[in-house]
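Undergrad: Take a look at the following structure, please.
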Amino acid sequence: MPGKHQQFQDPEVGCCGKYFLFGFNIVFWVLGALFLAIGLWAWGEKGVLSNISGLTDLGGLDPVWLFVVIGGIMSVLGFAGCIGALRENTFLLKFFSVFLGLIFFLELAAGILAFVFKDWIRDQLNLFINNNVKAYRDDIDLQNLIDFAQEYWSCCGARGPNDWNLNIYFNCTDLNPSRERCGVPFSCCVRDPAEDVLNTQCGYDIRLKLELEQQGSIYTKGCVGQFEKWLQDNLIVVAGVLVAIALLQICGICLAQNLVSDIEAVKANW
């Protein structure tokens, strides 16, 4: 009987995983660069790039920070994953998987802490919103963000309309010369569907009235409570999005680690 010869196949890099990782990360890289460009453009329009100290002058949150930070992280991750997969660079692939793993565990830790320390998170959210209420007129992007949140969640202030007493333009002190004294922003007003033109003065002097008289004109519930209610009403959707993001991160880590193993196996066979 003729002898049987066992054939050994040389290890090779899996093309499917390699190009899937490359394609996914090039999209991620482009989106990150776009976010970063929008953030830098917004800062340029506000003159922040020519005066870096302006970054710390704002008392509240500058929404542009979200674009810059998220865009920067996405760009770095996308670059490492894209170039690492294309050039079969194990250093970049390991950096990608470790960085992505770190982000995943930070998200997981944040989720657990938010569940365990719900009351503390609620207090911090209340403090955060009130700090931004104080800085409402200081930055147009922050102003637009607050207006959007109050209109979307049908709320006013962190715990109620009286939180606007923290703002120098809306407080009720006798020394306040502003026409907006004892008022609230227009985004607190209950919109009349029949109105074609937005009445930006609808909140003037509204807090001089009794609370029962305010109810038909402005939202009297705070944004912290309304946000919690929104989370409860949309818990399945929010949980689904978070799980999908987590699965994508785990998939990215596994693909990168598998590609590193293939590359090292090929190198060891040289």
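The backbone N, Cα and C atoms fix where each Cβ goes, glycine too.
According to Swiss-Prot:
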DISULFID  C155-C223  disulfide bond
DISULFID  C156-C188  disulfide bond
DISULFID  C172-C182  disulfide bond
DISULFID  C189-C202  disulfide bond
CARBOHYD  N51  N-linked glycosylation site
CARBOHYD  N171  N-linked glycosylation site
TOPO_DOM  1-19  topological domain 'Cytoplasmic'
TOPO_DOM  41-63  topological domain 'Extracellular'
TOPO_DOM  85-94  topological domain 'Cytoplasmic'
TOPO_DOM  116-234  topological domain 'Extracellular'
TOPO_DOM  256-270  topological domain 'Cytoplasmic'
TRANSMEM  20-40  transmembrane segment
TRANSMEM  64-84  transmembrane segment
TRANSMEM  95-115  transmembrane segment
TRANSMEM  235-255  transmembrane segment
Undergrad: For C156 (disulfide bond), identify the closest of the recorded positions N51, N171, C202, C223, judging by Cα separation.
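TA: Checking each of N51, N171, C202, C223 against C156 (disulfide bond), the shortest Cα distance is to C223.
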Undergrad: Sort out the residues at least 6 away from either end of the transmembrane segment (20-40), same chain, that have Cβ-Cβ distances under 8 Å to it, and list them.
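TA: 49, 64-68, 70-82, 85-86, 96, 252, 255-256, 259.
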Undergrad: Counting Cβ neighbours within 10 Å across all chains shown, tell me which of the disulfide-bonded residues C156, C172, C188, C189, C223 comes out on top.
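TA: Result of the Cβ crowding comparison: C156.
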Undergrad: Looking only at the topological domain 'Cytoplasmic' (256-270), how are its residues distributed among DSSP helix, strand and coil?
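TA: Each residue of the topological domain 'Cytoplasmic' (256-270) counted once, the result is 13 helix, 0 strand, 2 coil.
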Undergrad: By Cβ count within 10 Å, point out the most packed of the glycosylation sites listed: N51, N171.
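TA: When each Cβ's neighbours within 10 Å are tallied, N171 tops the list.
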Undergrad: Checking the recorded positions N51, N171, C182, C188, which are within 10 Å of C155 (disulfide bond) at the Cα level?
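TA: The recorded positions close to C155 (disulfide bond) (Cα within 10 Å), listed in sequence order, are C188.
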Undergrad: Cα-Cα separation of C172 (disulfide bond) and C189 (disulfide bond), in Å?
TA: 18
